[in-house]
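Feature annotations, courtesy of Swiss-Prot:
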- 37-54: transmembrane segment (TRANSMEM)
- 55-91: topological domain 'Periplasmic' (TOPO_DOM)
- 92-114: transmembrane segment (TRANSMEM)
- 159-181: transmembrane segment (TRANSMEM)
- 182-195: topological domain 'Periplasmic' (TOPO_DOM)
- 196-218: transmembrane segment (TRANSMEM)
- 242-270: domain '4Fe-4S ferredoxin-type 1' (DOMAIN)
- Cys251, Cys254, Cys257, Cys288: [4Fe-4S] cluster 1 binding site (BINDING)
- Cys261, Cys278, Cys281, Cys284: [4Fe-4S] cluster 2 binding site (BINDING)
- 269-299: domain '4Fe-4S ferredoxin-type 2' (DOMAIN)
- 310-332: transmembrane segment (TRANSMEM)
- 333-357: topological domain 'Periplasmic' (TOPO_DOM)
Amino acid sequence: MAENKRTRWQRRPGTTGGKLPWNDWRNATTWRKATQLLLLAMNIYIAITFWYWVRYYETASSTTFVARPGGIEGWLPIAGLMNLKYSLVTGQLPSVHAAAMLLLVAFIVISLLLKKAFCSWLCPVGTLSELIGDLGNKLFGRQCVLPRWLDIPLRGVKYLLLSFFIYIALLMPAQAIHYFMLSPYSVVMDVKMLDFFRHMGTATLISVTVLLIASLFIRHAWCRYLCPYGALMGVVSLLSPFKIRRNAESCIDCGKCAKNCPSRIPVDKLIQVRTVECTGCMTCVESCPVASTLTFSLQKPAANKKAFALSGWLMTLLVLGIMFAVIGYAMYAGVWQSPVPEELYRRLIPQAPMIGH
């Protein structure tokens, strides 16, 4: 009687029960969460500093002055998109909110190379959404999964929002964008954004509350269905050379990769993950118990040869390196801060609630 052949597989080095300990330097999830917390802390600092800067002008200089944080430009994606159109047409950096455009370009480059890594490694909204989802999972023991007939149309909403903003940017001539960026509204655009959060109306409060509650039950509700920024990164990420790739020969069909994927991608059924929903978070890679089976790489992993694959520490180095390189360029070029005279800020910021488009 012929002896049945058993599939032999090699356990991923350092794993216990198929997982690496959280404090193992090879654990990609630990590197990602550390990067997320760093960016979240930076954005909290930016928000607090910006609030103090605005209050200085609102109180007629009676409070402590702090310099305007240039990082607030990262919260002006529409200005960044419009300025990107202006720069592509004219070949020049915009005079106001150039940093918003450069940060947008940095995040596009990250998505172009590393899938939607901006969403899962850098975005503070994505981090908060993930934390809320984790809380919901601990409180209720599970996450809701919407049926396909509802999930697919809802995922299309963020692309409709993205199309609207791209249409606005494409519709405006470069000269019109230039004049708009010099307008009083553009100068205090960041202050208007702060006012939106400081003085929420009833409808906005209800919407935010519903979204927060939904995020407890539906993982990444905002990111999956409504975020136009993530939609843009997803479209760009289709060109990414790095993808999650699976070696079907060594795969033991345990299904852990698909079960743990926060985007609910059936990784265990695919040879390479092309979908716009993949954020490059590497959760599936960390869930795989078999060596050389699931990688975030340029080519399919193989048991008999080493393919170049991205590790957690290298992903951290790349996403932070690209972002800080662009910030460094903005500082070197003198556009990290918009060249707005202090007297103009002194006059416009107290009037910001009354300034329209």
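The backbone N, Cα and C atoms fix where each Cβ goes, glycine too.
Known features from Swiss-Prot, placed on the structure.
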residue : record                          : Cβ neighbours (10 Å)
Cys251  : [4Fe-4S] cluster 1 binding site : 19
Cys254  : [4Fe-4S] cluster 1 binding site : 15
Cys257  : [4Fe-4S] cluster 1 binding site : 26
Cys261  : [4Fe-4S] cluster 2 binding site : 21
Cys278  : [4Fe-4S] cluster 2 binding site : 27
Cys281  : [4Fe-4S] cluster 2 binding site : 27
Cys284  : [4Fe-4S] cluster 2 binding site : 24
Cys288  : [4Fe-4S] cluster 1 binding site : 26
Original post:
So which residues does the transmembrane segment (196-218) touch in its own chain, when a touch means Cβ under 8 Å and the partner is 6 or more beyond its ends?
Top reply: 129, 132-133, 135-136, 139-140, 143-144, 146, 224, 226, 353
Original post:
When DSSP states are grouped into helix, strand and coil, how many residues of the topological domain 'Periplasmic' (55-91) land in each?
Top reply: 24 helix, 0 strand, 13 coil
Original post:
Cys254 ([4Fe-4S] cluster 1 binding site): which of the binding-site residues Cys261, Cys278, Cys281 is the nearest Cα neighbour?
Top reply: Cys261
Original post:
What average pLDDT does the predicted model assign to the topological domain 'Periplasmic' (182-195)?
Top reply: 96
Original post:
Which of the binding-site residues Cys261, Cys278, Cys281 has its Cα nearest to the Cα of Cys288 ([4Fe-4S] cluster 1 binding site)?
Top reply: Cys261
Subject >> Residue from Cys278, Cys281, Cys284 whose C-alpha is spatially nearest that of Cys257 ([4Fe-4S] cluster 1 binding site), among the binding-site residues >> reply: Cys284
Original post:
How many Å separate the Cα atoms of Cys284 ([4Fe-4S] cluster 2 binding site) and Cys251 ([4Fe-4S] cluster 1 binding site)?
Top reply: 13
**OP:** Quick one: pull the CA-CA distance for Cys261 ([4Fe-4S] cluster 2 binding site) versus Cys251 ([4Fe-4S] cluster 1 binding site), whole Å only.
**Re:** 16
